[in-house]
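Take a look at the structure below.
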Amino acid sequence: MGKIKIGINGFGRIGRLVARVALQSEDVELVAVNDPFITTEYMTYMFKYDTVHGQWKHHEVKVKDSKTLIFGTKEVAVFGCRNPEEIPWAAAGAEYVVESTGVFTDKDKAAAHLKGGAKKVVISAPSKDAPMFVVGVNEKEYKSDVNIVSNASCTTNCLAPLAKVINDRFGIVEGLMTTVHAITATQKTVDGPSMKDWRGGRAASFNIIPSSTGAAKAVGKVLPALNGKLTGMAFRVPTVDVSVVDLTVRLEKPASYDQIKAAIKEEAEGKLKGILGYVEEDLVSTDFQGDSRSSIFDAKAGIALSDTFVKLVSWYDNEWGYSTRVIDLIRHMHSTN
């Protein structure tokens, strides 16, 4: 079987990291990138140097011309189309397109990529109408006739595997989630206008900012048994990467905290290995930087009030872990098609 050929639309935080994951994968080939706002020279610079994840050291990256980058010996086509319909994915050989602009997140808008010859589109954000898949939770429900999917959000990818284990083993009556979330590109360096979210317009590096998130409700889309049972909110905090979920739930079946830990550890070492992690060391956020797992349960940080009411804590590298799952989802789709 040949390599899985992918294209990336939008070379921002997630686009560049998906490219890094793809270029380190034996079975995936990056063939094209589209971004109308940056030149190939600037694209190369942004790819090579990353404040959070460090300098790219796997092979040389250079510009061949205004429409081609060279990664090692591999040429990658570069396009600058604003309209997704105009991107010649087929000409570049891209079968799967990662839609990572954050703009074309509904099915109709993402479908524009199919007109350029893409066969499948993976939206690297939640979508109001595209089916959402979380690897390790519901990806097996993907059917090969579905052409546009969402990889959900980084927070849903952290929360869903944990919620699945707890619900499968003990049953969740209801729960509330808080994510303590690193800064993202939509925030402001200094106080600035943000008409839809006034607090979100305040300086990111000086404030803890309460914010909304649909991540908990979205779990109900990937785990229908939990629909209407979870909701949550976020605090944006002044760190550049790695976030942490606090899930507080009421259980159907009474269980000690040790029993809950044992169940999570068993799944983390079994069916969910590589997706769900389990740690007992005294770790802090930077210890999870570059961790490719979706959700790393912190056994020491959680606490139980009673045998039916418990707080669970799970870490995630909201950039690297999520970008790794985008490629994993494409792999699964390819194996199904």
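Just so you know, glycine gets a Cβ as well, placed from its N, Cα and C.
Some features that Swiss-Prot has for this protein:
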- ARG13, ILE14, ASP35, ARG82, ASN318: NAD(+) binding site (BINDING)
- SER153, CYS154, THR155, THR184, THR213, GLY214, ARG236: D-glyceraldehyde 3-phosphate binding site (BINDING)
- CYS154: active site, nucleophile (ACT_SITE)
- HIS181: site 'Activates thiol group during catalysis' (SITE)
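Projection of Swiss-Prot feature records onto the structure.
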{"residue": "ARG13", "record": "NAD(+) binding site", "CB count, 10 Å": "22"}
{"residue": "ILE14", "record": "NAD(+) binding site", "CB count, 10 Å": "25"}
{"residue": "ASP35", "record": "NAD(+) binding site", "CB count, 10 Å": "24"}
{"residue": "ARG82", "record": "NAD(+) binding site", "CB count, 10 Å": "11"}
{"residue": "SER153", "record": "D-glyceraldehyde 3-phosphate binding site", "CB count, 10 Å": "21"}
{"residue": "CYS154", "record": "D-glyceraldehyde 3-phosphate binding site", "CB count, 10 Å": "27"}
{"residue": "THR155", "record": "D-glyceraldehyde 3-phosphate binding site", "CB count, 10 Å": "26"}
{"residue": "HIS181", "record": "site 'Activates thiol group during catalysis'", "CB count, 10 Å": "23"}
{"residue": "THR184", "record": "D-glyceraldehyde 3-phosphate binding site", "CB count, 10 Å": "17"}
{"residue": "THR213", "record": "D-glyceraldehyde 3-phosphate binding site", "CB count, 10 Å": "22"}
Which residues, in sequence order, are found in the same chain with Cβ within 8 Å of the centroid defined by the Cβ atoms of SER153, CYS154, THR155, THR184, THR213, GLY214, ARG236 at the D-glyceraldehyde 3-phosphate site, excluding those residues themselves? THR179, HIS181, ALA215, ALA234, SER243, ASN318
Around the Cβ of ASN318 (NAD(+) binding site), other Cβ atoms found within 10 Å total 24
In whole Å, how far does the CA atom of HIS181 (site 'Activates thiol group during catalysis') lie from that of THR155 (D-glyceraldehyde 3-phosphate binding site)? 9
For GLY214 (D-glyceraldehyde 3-phosphate binding site), the same-chain residues 6+ apart in sequence with C-beta under 8 angstroms from its C-beta are PRO126, SER153
Close to ASN318 (NAD(+) binding site), taking Cα pairs within 10 Å and only the binding-site residues CYS154, THR213, ARG236, are CYS154
Binding-site residues CYS154, THR155, THR184, THR213, ARG236: which have a Cα within 10 Å of ARG13 (NAD(+) binding site)? THR184
Cα-to-Cα gap, ARG236 (D-glyceraldehyde 3-phosphate binding site) vs ILE14 (NAD(+) binding site), nearest whole Å: 18
The largest Cα to Cα distance in Å among the residues SER153, CYS154, THR155, THR184, THR213, GLY214, ARG236, listed in the record as binding D-glyceraldehyde 3-phosphate, is 16
Row ARG236 (D-glyceraldehyde 3-phosphate binding site), column other C-beta within 10 angstroms, all chains, value 24
Tell me the Cα distance separating THR184 (D-glyceraldehyde 3-phosphate binding site) from ARG82 (NAD(+) binding site), rounded to the nearest angstrom. 23
Could you tell me the C-alpha distance between CYS154 (D-glyceraldehyde 3-phosphate binding site) and ASP35 (NAD(+) binding site) in angstrom, no decimals? 22
What's the CA to CA span in angstrom from ASP35 (NAD(+) binding site) over to THR184 (D-glyceraldehyde 3-phosphate binding site)? 19
Rounding to whole Å, the Cα atoms of THR213 (D-glyceraldehyde 3-phosphate binding site) and ILE14 (NAD(+) binding site) are apart by 18
Taking DSSP three-state, what's ARG236 (D-glyceraldehyde 3-phosphate binding site) in: helix, strand or coil? strand
Cα distance, ILE14 (NAD(+) binding site) to THR155 (D-glyceraldehyde 3-phosphate binding site), nearest Å? 14
